[in-house]
């Protein structure tokens, strides 16, 4: 991607600010709360609804990309110059990028459809686990509204971050381009194509500004992971209080478990949460840097790629991906044990890993299927935000005058990403409830010679019932 195209994409994000506010802030907030309420009152059918809705949204977003890429219908993306110019037949980079994303979405659509067929038989297990989480949310009702707090904190942080990012991107040295070439450009003042003086200007960044931009991006990812980790730890502490109190939480003070968990986090566990989020951020950035170096070396080497080089490259990416997934899983379980036992990050990680390894047959398949359904739910919210962003950008406002965008690609992707972050904050209520209950159950059984003493009856029937255990052992 040439830097000029990236500059246009950054400008598109600025022009589409109202779209980002609606589709990246307000809409995912509303959809996430609706999903939590439906889990609370309509848990039996939510697994099926989530799977069906996810596939429908993937197909819809893919068709929109095909439409804007010019492969379906007659509403293809126009190039930056405008429809009234004699150079309209020139294919811009934006169309090529849209077509690449359309192909990628086609692959995702096929994989999601096949995966949905595979997990259909496992949905009953997921339903039983979600019922346990729904009961906890019904008892500790403050968990439904608690994610609004980290949502507001993230919204304020992103506003300042985007403002600083725009200043960083515009703080380079403005230099005039080489005019020793014949070219034409669209003059905004005269509203026509001008071939007399079209060299224009470009922004060149010094090494210090480049490092500042990278640090700014890393800080955004770390801060996001830290806020999400704090939210997860508070939820885990609230659910653990419910479990170890045998569900006997006073109905007169429904907010007490959440406030108590927040107090424990701020007083004892903030450093451990910061360390865990930093580890995840560093691993993600190592992957990003290695991938950028690999692409740069590949583009600079004209020699053809051999099968061995392709295999080594794919294997290294898979290994890094597995390491990243493992660290995220260990961190999430560590946050739960921090909330349950009050241990430091390293000790909590060791305890959680030991409990999971000792009870892998009991909790493995139940936990995996539950996580898959919740992941599909987060994708449903973010895909709906992307689809609505497409519809908003398809209006006359963003097709003409000064608000005209060069491509809907980046505003849609940013809306998708923001929607996923917001959905992650709210869906963490159910996700962390399930994981906390399961780890609390394992810790309870470990302390009482294999028989959990504090588990509610519904959880005992789900995790310790003989029929369920036989199904897990047989791999049905």
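We count from 1, first residue shown onward.
Cβ coordinates come from backbone N, Cα and C, glycine included.
TrEMBL does not curate its annotations; it predicts them automatically.
Values in this document were obtained by computation on a predicted structure and should not be read as measured data.
What TrEMBL records for 20-39, 45-66, 100-120, 140-161, 265-290, 372-393, 413-430 is transmembrane segment.
Across 45-66, 100-120, 140-161, 372-393, 413-430, stretch 413-430 shows the highest tally of CB pairs under 8 A with the transmembrane segment (20-39). For the transmembrane segment (100-120), the residues of the chain that approach it from at least six positions outside its boundaries are 51, 54-55, 58-59, 61-62, 65-66, 69, 71, 369, 372, 409, judged by C-beta separation under 8 angstroms. It is 372-393 that, among the stretches 140-161, 372-393, 413-430, forms the most Cβ pairs under 8 Å with the transmembrane segment (45-66).
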